[in-house]
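One structure is given below, encoded as structure tokens.
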Amino acid sequence: MGVTDFAPTWFLPIPDAAALHALGADSTPLESSTRLWRYFMLVRLLVALGLTGWMLWSYLHTGTPLWLLLACGVYLFSTAAVLRWSRPASADSFWSIGWGLTLWIDLVFFGLLQTLHSGVINYMPLFILPVLLASVLGPLRLALGSAAFATLVLLFDALAGDLLGPQQATTYVQGAISGAGLFIVALLVHQLARRLGREQAQASSHRAMADAQAQVNQIIATGLSEGVLVIDARGQIWHANPAACAMLGAPGERPPYALLPTLPAWPLLSSWARALLAQGSHMDCTMRLPRPSQEALQVQLRAHINWPAPHSPAQPACVIFIESLRDVEARVRNEKLAAMGRVSAAVAHEIRNPLAAISQANALLTEEALTPAQQRLSTMIGQNAKRLGRTVDDILELAKLPARPDLALPLLQLDAEASDIVADWQAINPSSNLVWQPGAPATAVHFEAEHLRRVVINLLDNARRHAPPNATPNAPALQVSTHDSPDGVWLEVWNAGPPMPDEVEAHLFEPFNSSHSRSSGLGLYLARQLCQVYRAQLDYQQQTRQGSNGHCFVLRWNVRQNPNEGRLPQLDFTL
């Protein structure tokens, strides 16, 4: 027997069950109805076994007709065949093969037993089985129809008995009451089955949606750069994303949660979270987290208490966001620099026109016959106008840095270009004690010549301002050198000087940060931005050379450029 038609109401409409299955629900209404169907088929098989066994015993001892034994045998075979080979399927017809092999066979067979063999045993309770089957797995009309069929059988049995011999009216009353009971059972059980089916479908839908939401939350938490840690009042870990594990010093990208309580930072975080849960308050703080085999990490913690709904068995949890203090400071600094760049560029444009008018007026004034005092004032005006003009030029240069240098650019021979830059700078500053040490004669790099000149001259001017005045040929105040190795190419500008304080070094490349009263504080910042455009790195190091402490700015290209390449990669640069 192949797949038969069957119409359980629990999985109507079928698309809803398929949608739930697509969402990942473990148990859909379709699967639940299939299990109920198998339970009913198993009960039918047990009833058939009981009836067949009883008829066999009666045939051997009391002379029950053989046809009853054969009918029970056929019924037993049909129930076993349906249980073994038949599967439920959706169908709208009450007269489908599925219902015919289950419900209608039961009603007809039990009706024959009740009508033809009721003198020995009352088979009325057996009608409960098909009525329950139709009520639970079928539509309401089918359930009421099966109850009506059973009631008609009981009334016909009472009428047949009355025709064969006078009977009391209680026989009709008993049949009517039994039929009414079957109607009540069919109606109530069907309503309960529909209600349970709706609740199970709703629960499956909610569970599928919760699972989908949990997967989305997992993806979001995994992609966050800040750590997310969820702890309950007992100190149990509910969730920890990879960033949190890395900040705590856990090995691997996704270590087991059981490993986190063994880390040195766990007692601090756990006790802090439990204290917040006990107080029921949110809090932000800064904490130094010790890490195994690593330097302690200064972090900023933000805690939020997640309270469950009233009368909910769920426990409150503390959600902790962990962010490195260095990352926080870097983000604030970048936001400040971006805002400063936009405002400064706008201000510079507004300053340029009045500044040009002041310079022209001062130039016209110098053509007149001036007293020495007026000459000094005019000179001061000219010097400060030039200084302000350089500041405006620096600000505008920041605003128009090449965002996409994708045009074909010449390859610069590093030593040759650096030698020309150093020679030109020495011609302007002949008193500077500078030593030039070329070390990359065959190395070419991608860099706009004018931009490289601007970077190196800026570094040289900065080094000259901070170099000691008492330098000697054996201990020069300034050194410029290049180096070439398989790891990369370096250009270094070194000057002697005392060690730099840590707080000054931390803000060395920030704009408008300078210890010189006549400097705009944009030189180093502009130099680093230009280097980043050409995929180079500009860093600062404290170095000791020839027994003298000093400061070294290192311009580095990670790999040597291929002379056959003539095009820079596409870059995105935003001020």
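The backbone N, Cα and C atoms fix where each Cβ goes, glycine too.
TrEMBL annotations: computationally assigned, not manually curated.
Residues annotated as domain 'PAS' in TrEMBL: 212-249. The domain 'Histidine kinase' annotation in TrEMBL covers 346-561. Residues annotated as transmembrane segment in TrEMBL: 39-60, 66-83, 95-114, 120-140, 147-165, 171-189.
Helix, strand and coil counts from DSSP across the domain 'PAS' (212-249) read 19 helix, 10 strand, 9 coil.
Below 8 angstroms of C-beta separation, residues 6-10, 33, 36-37, 40, 43-44, 47, 58, 88, 94, 99, 102-103, 106-107, 110, 113-114, 146-147, 150, 153-154, 178, 182, 185-187, 189-190, 193 of the same chain, each at least six residues beyond the ends of the transmembrane segment (120-140), sit close to that stretch. If you look at the transmembrane segment (171-189), the same-chain residues 6 or more away from its ends with a CB under 8 A from one of its CBs are 124, 127-128, 131-132, 134-136, 140, 143-144, 146-148, 150-152, 154-155, 157-158, 161-162. Across the domain 'PAS' (212-249), the model assigns an average pLDDT of 79.
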